Structure formats: structure tokens, C-alpha cells
Amino acid sequence: MSQFWKAWQKRKKTLQEKALHHHADRSMERVADKELSLEVDENIIMIEQELGRCDDLVVRRFRDKRGTDCAIVFLDGMVDRNVISEYIISYLSNPQIPDILPASNELESTDGLRQVIRNILSGSAVLMRDGDNKAYLNNTRGWDRRGVDEPQTESVVRGPRDGFCETLCVNSALVRFRLKDPHLRVRHMVIGRRTQTDVYVMYIEGLAYPPMVREVLARLEKINVDSILESGYIEQLIQDRRWSPFPQLQNTERPDKVVANLLEGKVAILVDGTPAALIAPAVFTQFYQSPEDYYERFYIATLLRFIRAISITIALLLPSLYIAFSSFHPEMIPSRLVIAMAAGRSTVPFPSLVEALIMEVAIEILREASVRLPGPIGPTIGIVGALVVGEAAVTAGLVSPVMVIIVALTTIGSFASPSYSAAISIRMLRFLVMLLAGMFGLYGIMLFLIVLLIHLSSLKSFGVPYMSPFSPLNLKGMKDVFIRAPHHLLRTRPTMFHIQDEIRMREEENREQAGR
Amino acid sequence: MGDQRGSISTWQLIAILISSIIGGAILTLPRTASAELQEVGWLGPIASGVIAFFPLMAMVYLSKQYPGLTFVEYGPLVFGGRRYPRLGNILNTPWMLMFLLFQFLNTAMVARGFGEIIVTSILLDTPLEAILLTLFLMVLYLCMHELEVLVRVNELLFPIMFVPIIIIPYVTINSANWENLLPLHIDSWQSLASTAFGTFMLYTGFELMMIYFGLAMPGSRISLVAWSGLSFTVVSYVLTTIAGIVVFGYEELQHLIWPTLEMVKTARRTGWILERLEAAFLTIWMASIFTTFGNMYYSMVYAIRLWLKKGIRFQRILALIFFIPMFYVSLWPQNIVEFFAFNEKLTAFCYLPTVFFPILLAVIQAIRSRFSQQAIENKKGGT
């Protein structure tokens with residue numbers, strides 16, 4: 001036994017060492033950090049050696065007004081060509097302009113090869129001159145990008161229509177433009193050994209709980225993967241419980257949502273190359289809260305929250321309740337309905353569990369197919385699938401009409417949740433409840449709910465309990481959970497995120513306003 | 001990993017106390033309370049509540065004397081004082097073992113009672129073992145987590161405790177025959193006493209406060225917890241008993257195994273969304289039985305963990321180990337008659353660890369503190 005223990009320990013140690021070794025193996029660090037030489041040609045050879053055979057690497061040689069040999073190196077397609085020809089090449093060769101540096105808005109100089117390579121790869125144009133061992137890095141980034149568009153997944157009736165796009169600087173500008181707070185802090189990080197993805201961590205100093213910010217930054221620093229292609233990579237790498245089906249970070253494409261969350265003392269993570277921003281920490285209430293709740297009057301906002309909560313419950317439980325009632329507790333259904341249901345089910349050859357599973361799987365297939373299909377065909381599939389197949393299945397006696405209603409309600413219910421990633425966890429768990437209901441009826445459903453409750457109570461997102469403010473009970477926080485209290489009552493920020501500055505609205509000034 | 005001391009708020013303590021006490025026993029309550037007292041059966045829960053009051057106050061006193069300590073730690077201190085810790089440990093150990101044994105047996109019986117109800121009323125074809133197994137698996141999953149999870153689960157499930165107060169009177173009011181409560185007259189005080197002692201098992205679960213008071217947040221109002229928890233429980237028990245007597249009358253009650261469930265069955269109206277409520281009621285009530293059962297099982301394991309000063313991994317393994325004998329014991333009674341007989345024996349035993357033990361500790365502590373005060377005063381006088 002002890003031998004086994006020792007062997008295990010040894011293995012653990014070697015694995016740890018391997019991980020450490022791995023950590024040092026960042027592809028950028030493999031580039032030799034040589035100093036640049038005085039000769040332009042030599043430098044170009046060094047760069048070409050490091051980048052290997054890259055046919056999109058453009059080297060433009062020219063002679064400036066003093067007669068010095070110069071060269072500009074950049075990657076084709078990643079730069080704005082106008083900037084290079086007008087503000088670098090013609091600017092420098094024009095004898096009427098005395099300047100010897102290009103007129104670009106962002107100019108740095110370096111003498112290290114590694115930084116030169118890094119900047120070329122991220123879209124800078126590098127200017128080098130004979131007799132100067134410095135390289136000048138011009139920010140000429142300008143590739144074709146998608147413009148600011150309305151977000152596809154989180155549309156609102158009232159509220160701003162702009163959503164994040166794939167470019168990090170545009171996204172951070174969208175946040176800045178709404179939040180002109182000098183205390184907004186933006187921390188830049190580069191994650192991904194090979195992709196070298198830029199990541200911004202945003203928070204408001206004085207609102208966000210400093211240990212939480214530190215925790216977010218520390219977890220981001222610990223990430224060591226070769227690629228970050230989407231913020232989902234980061235979300236899954238920094239979440240607290242990796243085996244949980246629930247999202248422990250919120251993601252959104254809406255800048256107004258990010259700003260609102262920053263103002264509640266949360267931390268936002270923006271990732272280059274994706275419109276989905278992450279918000280930490282996340283709590284359970286994200287399942288049914290939408291930014292629109294704060295734009296509309298509070299009565300309708302509260303009502304909508306209730307509707308969403310009901311629709312999530314339906315999405316999770318309705319098929320399993322059908323199974324439990326029809327196969328275990330038919331006495332509970334009102335007698336007229338039970339007769340109607342029995343008549344509908346009389347031709348169905350399967351037990352209700354199988355019937356429900358068939359229909360739920362079918363609707364999931366339809367949903368998946370309509371996501372993949374090109375725009376114009378998508379709705380057709382929906383109509384063909386839902387109407388024709390559903391109707392035909394009932395006529396053929398394969399499923400009962402009640403089942404079709406239930407499946408339709410379930411599917412629509414799962415779309416009512418404002419957060420897509422939260423809704424998919426519900427969609428997934430639905431199948432588990434159905435199986436349990438098929439085994440134990442209502443008892444099975446309750447079994448599932450209690451286990452779910454235990455799991456949710458044990459979840460934490462960056463130190464904030466997932467079920468807050470229900471538990472630990474926070475009566476102040478309850479004002480903005482099920483009901484959305486009117487703005488003049490939401491004077492303080494929710495305290496469950498360890499907010500530093502609680503006051504959101506100053507009472508006296510608003511009284512004056514009202515008095516006028 | 002710490003053992004998360006000082007993290008339970010007053011509100012959470014109330015939730016734990018009430019959820020630990022109220023459980024499956026409410027389903028048989030109207031019958032057991034009115035067996036001897038007949039139409040004044042509702043006095044039974046009040047009288048046994050009075051019995052539970054004394055040990056609960058003793059616990060409050062002890063927790064105020066030793067703030068931040070559970071009975072696992074203050075037991076030896078009370079018995080041996082700070083000077084003789086070993087003597088205290090030796091004297092405390094048999095009590096500790098008795099407490100654990102009682103928790104073990106009581107937990108097994110709560111589970112069995114729950115399984116019996118499910119099997120006899122809603123899942124008629126399901127074997128008892130399947131119900132017990134799933135219940136145990138659920139509690140095992142709970143035991144894999146730290147204490148704060150238990151506390152939060154209790155807090156989240158607490159609204160279910162209002163079911164007997166609100167739903168039961170509401171559904172029964174239409175079939176009520178108020179004359180069943182008359183005459184308001186106690187025939188024999190002896191039968192009141194024996195009912196009080198016999199139905200005392202209704203209140204077990206409060207002894208867990210010997211642990212949770214010690215883990216309360218500094219500054220939480222422990223005596224408020226004890227008062228409100230106990231009065232809430234008494235009120236819901238009395239209401240349930242009255243409802244049972246009013247609907248059935250005490251003679252008929254004696255022939256019903258689960259009178260509270262029968263009461264819900266009488267409430268049937270066409271035109272309601274659900275025509276009959278007993279399966280729904282039992283399903284919801286299952287959560288309350290789960291908290292009773294889960295709290296007892298968790299506390300038993302947690303007390304041993306505190307006693308041996310171990311970590312969460314020990315707790316997980318211990319919970320797994322206890323699973324097997326617990327399953328065995330819960331299947332001891334061969335049928336429901338034996339089950340009720342076993343419960344009666346357990347009631348007799350429960351007085352030692354739940355009533356006598358805390359009162360004994362409190363008395364010793366009171367004497368000890370008086371002596372030490374005297375010693376301090378003597379010293380003051382001397383100087």
C-alpha cells in the first residue's frame with residue numbers, strides 16, 4: 001500500500017514539474033530576444049528567419065529625404081494601406097517636411113526582436129532605418145471588421161440596439177462611451193500561447209471588491225493554453241466548479257448590460273475576437289433578469305420577471321409532470337381532463353416516458369437543425385417540423401395531442417430566458433427529470449429538485465454564493481430579485497457582491513426634484 | 001479547510017431549528033395526540049412542548065456560557081473544568097456516544113417512516129428499499145458538502161414549513177365539524193402527562209442545536225431562536241391536531257394510519273386544477289422530512305468530525321460508511337406495527353440524550369460558575 005502511495009506521489013510530482021516546464025513553453029518566448037542591428041538588411045533577414053516562409057509578409061524598401069535606406073515590414077491584410085503609403089512613406093520622403101519620424105497616431109520604438117515580431121503579428125507596420133538599431137512600431141491596424149450591430153441573442157424591445165463586435169478596442173470604447181467614470185479601470189492581458197489573444201479586464205475602482213478583482217486577475221494569469229478563440233474558453237477555465245451544469249459567469253453581447261453590472265461592482269472580461277463579454281460573479285437570478293427590466297416601468301418589469309420564472313419552471317418540469325401525472329398519479333388530474341387525455345393516448349403504443357422522450361428529442365433535433373440552416377430556410381424547417389410532423393404524428397397515433405402541447409410549451413418556455421447559456425443548462429437537465437419522473441413519479445421530481453437545490457447552494461461564483469440573495473437571506477437585495485422595485489426605492493446597490501460604495505441615489509437631491 | 005465556525009445567522013438558525021423538528025411525525029400527530037386525551041388532544045403537543053422547553057433553555061444557557069463552542073467541546077469543559085480536561089473527556093464520552101446512538105436510531109426511523117408513507121400512499125408498487133435507497137443517496141450527496149450548504153438548503157426549504165399552518169387549515173375548513181372539539185374539559189391529568197411524554201418524539205431535532213448554537217455568528221440572538229422556533233412548532237402542531245380532531249373526531253382518528261394525509265384527501269373539489277391533493281401534499285412535505293432526516297444524519301457525522309477534529313474528507317468517508325448500517329437498521333421493523341412499537345421504545349430512550357444530558361450539563365455549569373464567582377469574590381475580599 002505504501003509503495004503504491006509513494007509511486008502515486010512521485011507521479012504527482014513529475015506531473016507538476018511537467019506542468020511547470022510546460023508553462024515556460026510559450027511560443028512567443030521561443031523567439032530569440034536578440035537585439036536589432038544597425039543594418040536594415042540584417043534585420044529583415046532576422047525577421048524572415050523567425051517568421052519562416054510567410055508569403056503575406058510585405059517588405060517595402062524606400063529611401064527617405066536624407067537618403068537613408070529604410071524598410072517597412074508588415075503583414076498583408078492586417079494593416080491600413082492608406083496610412084502606410086500616405087503617413088509613412090510619402091511623409092518621410094517628402095523633402096518639404098523636416099520630420100524624420102512618421103506621422104502615425106501611435107508610435108513606439110524598440111530594439112528587441114521579440115517585440116518587433118509580436119507587433120508585426122498583431123498588425124503593426126515596423127519601420128527600420130539604416131544606421132539606427134531601433135525599430136519604429138506604427139499602429140496601422142486596420143483589417144476588415146464587422147460593424148457594431150444589434151445583438152442576435154439578447155434583443156430587447158426598449159433599450160440600446162448596439163452590441164459588441166469582434167474587435168476589442170471597439171468593444172471597450174462601447175463601454176467607455178456609456179461610463180465616463182474616471183475610476184473605470186481596464187487591465188490588459190495576453191492569454192493563449194499561440195493565439196496571443198488580447199483580453200481586457202474592466203472594473204470600477206471603489207465599487208468592485210478588491211479581493212474579487214485580484215482573484216479574477218489571478219485566475220486569468222494562471223490560464224496556460226495554446227489558444228483562446230472565444231470567451232467561452234476563458235469562462236470554462238476560470239469558473240469555480242468545473243463539473244457543474246450551470247454557468248458561473250454571465251456572458252452578454254450588450255454593452256449596457258456590462259455597464260450596469262460594472263456599476264453593481266462586478267468585473268467584466270472582454271476578449272478580442274468575440275462579441276461575447278464575460279461578467280463575474282454570476283448568480284442564479286441571471287436566469288430570468290434582463291437589462292430591459294430597468295428601462296420599462298416597474299410594474300411591467302416585475303410581471304415580466306414572474307413570467308420568465310414561470311417559463312423556466314415550465315421548461316424544466318412540464319414534461320416530467322406530465323409523465324408523473326399520467327403514469328403514477330392520474331387521480332390528481334381533473335376527471336374531464338383525464339378522460340380526454342386517456343382518449344388521446346388510447347392509440348399511443350408507448351408508455352408516457354417513451355412518448356415524451358421521443359417528442360423532446362425530436363424537437364431538439366428540429367431546433368439544432370434550424371440553427372445550422374441558412375437564414376431563409378430556417379423558419380421553413382420550423383414550420384415543417386413543428387406543424388406537419390407534429391400533426392402527422394398525432395394523426396398517426398404515435399403521440400397524444402396533449403404531448404404536442406407540452407413539447408411546444410416547453411420549447412417556447414426555454415427561449416423566454418434572457419440568458420441563452422443559462423437556458424441550455426435547464427434544457428439539458430429536463431431529460432434527467434423526465435427519467436426520474438418515469439421511475440418514481442412526483443417523488444422522483446422532488447428528489448431531483450432537492451438534489452438540484454443542494455447543488456445550487458453549494459455553488460459559488462468568485463466567492464459569491466450562487467443562490468444569494470435567497471440564501472444567505474439578504475432582505476435588502478430582495479428588492480431587485482423577483483420584483484423590480486421602482487428606482488427611487490433602489491437607493492443602494494446590492495450588497496451581496498461586497499460592494500464598496502453602497503449609495504446609488506442620493507435622497508435629498510431627488511426630493512428636491514420631486515418638489516419642483 | 002476550516003469547519004466554518006461563526007457563519008450561521010439568526011434567521012438561518014431559526015430555519016434549522018424548525019426544519020429539524022418538524023418532519024414526518026406531523027402525519028401521525030392527530031392520532032397519537034388524541035389517543036388518550038380524546039377531544040382535547042391538542043393539549044398534548046403543548047404539554048410536550050413544555051417538556052422540550054427546559055432542555056432548549058439549558059442549551060441556550062450553555063451556549064451563552066461557552067460562546068462559539070459546540071457541546072462536543074464544552075461537554076468536557078463542563079464535566080472536568082479547565083483543570084482536568086482528561087477527566088472531563090472520560091465523563092463526557094458515554095454521553096457523546098449515547099447522543100450519537102440516538103441520532104443514528106432516530107435518523108433510521110425517520111427514514112423508515114418516510115418510506116412507509118410513500119409506499120403505502122402514493123407509490124404502491126415501489127419497493128420500500130428503493131425509496132430508502134434514493135433518500136439515503138440524496139443525504140449522502142448533502143454530506144459531501146461543507147456545513148454552509150446544509151445551512152443554505154435549510155434556509156431555502158424553510159417556506160415549506162408554513163404548509164401545516166396555512167394549507168392544512170384551509171383545505172380542511174369545509175369539512176370541519178367544530179363540535180368534535182367539545183367539551184373543553186380535561187378528564188385526567190394523568191393522561192395529559194402520559195400523552196406529553198409519549199408524543200415528545202415530535203420535538204426531537206431540537207437537540208441538534210447543541211451543535212448549531214455553537215457555530216452561530218457572534219452576536220446572533222440565540223434565545224430569540226429558541227423561543228420563536230419552539231413557539232412556531234407548537235403552533236403548527238396544535239393547528240394540525242385541531243384540524244384532525246375537527247375533521248374526523250377522535251374515535252375515527254384512531255383507525256387512520258396517517259390522519260393528516262387523510263385530511264388532505266378529504267379536500268377534493270371538481271374545478272380545482274388538481275383534483276386530489278394528497279400526492280402533491282406529500283411530495284412537498286417530502287422536502288420537510290428530508291431536512292429533518294438530512295439535518296440529523298449530517299449532524300451525527302459532523303459531531304463525530306468535530307469530536308475527532310478531522311476535515312471534510314473524513315466527513316465524506318464517514319457518511320459513506322454510516323450508510324450501510326443505517327440502511328440495515330431502517331429495515332429492522334418488519335412491518336408498520338413493529339415500526340410504531342420501535343418508535344415507542346426510542347421515545348423512552350430519547351429522554352436521556354435530549355432532555356437529561358443538556359439539563360445535567362447546565363446544572364453542573366450553573367453550580368460551577370457560582371463556585372467560581374464565589375472564589376473570585378473571596379479573592380476580591382482577600383485583597
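Even glycines carry a Cβ here, placed using N, Cα and C.
Pulled from TrEMBL:
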- B:12-30: transmembrane segment (TRANSMEM)
- B:42-62: transmembrane segment (TRANSMEM)
- B:90-111: transmembrane segment (TRANSMEM)
- B:117-144: transmembrane segment (TRANSMEM)
- B:156-173: transmembrane segment (TRANSMEM)
- B:193-213: transmembrane segment (TRANSMEM)
- B:225-250: transmembrane segment (TRANSMEM)
- B:279-304: transmembrane segment (TRANSMEM)
- B:316-334: transmembrane segment (TRANSMEM)
- B:346-364: transmembrane segment (TRANSMEM)
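Cβ atoms under 8 Å from those of the transmembrane segment (B:346-364) belong to residues 51-52, 54-55, 58-59, 61-62, 71, 74-75, 78-79, 95, 98-99, 101-102, 105-106, 109, 197-198, 200-201, 204, 206-207, 210 of the same chain, restricted to positions at least 6 beyond its ends. Same-chain residues lying 6 or more positions outside the transmembrane segment (B:225-250) and placing a CB less than 8 Å from one of its CB atoms are 10, 13-14, 17-18, 21-22, 26, 29-31, 33-34, 38-39, 41-42, 44-46, 49, 52-53, 56-57, 59-60, 161, 164-165, 168-169, 172, 175-178, 180-181, 202-203, 206, 209, 213, 256, 259-260, 262-263, 266. When Cβ-Cβ distances under 8 Å to the transmembrane segment (B:156-173) are tallied for each of B:42-62, B:90-111, B:117-144, B:279-304, the top count falls to B:279-304.
Of the candidate ranges B:12-30, B:42-62, B:316-334, B:316-334 contributes the most Cβ pairs within a distance under 8 Å of the transmembrane segment (B:90-111). Ranking B:42-62, B:193-213, B:279-304 by CB pairs under 8 A with the transmembrane segment (B:117-144) puts B:279-304 at the top.
Listed by sequence, the residues of this chain that lie at least six past the ends of the transmembrane segment (B:193-213) yet keep a Cβ under 8 A from its Cβ atoms are 8, 13, 16-17, 20-23, 25-26, 29, 32-33, 35-37, 41, 43-45, 47-52, 55-56, 59-60, 62-63, 70-72, 99, 106, 222, 225-226, 229-230, 233, 237, 292, 295-296, 299, 302-303, 306, 343-344, 346-347, 350-351, 353-354, 358. For the transmembrane segment (B:279-304), the partner stretch with the most Cβ pairs below 8 Å, chosen from B:12-30, B:42-62, B:316-334, is B:12-30.
With a cut-off of 8 Å between Cβ atoms, the residues of this chain six or more beyond the transmembrane segment (B:12-30) that come close are 41, 45, 110, 113-114, 117, 151-152, 154-155, 157-158, 161, 164, 199, 201-206, 208-209, 212-213, 216, 220, 222, 225-226, 228-230, 232-233, 236-237, 240-241, 243-245, 248, 253, 257-261, 263, 285, 288-289, 291-293, 295-296.
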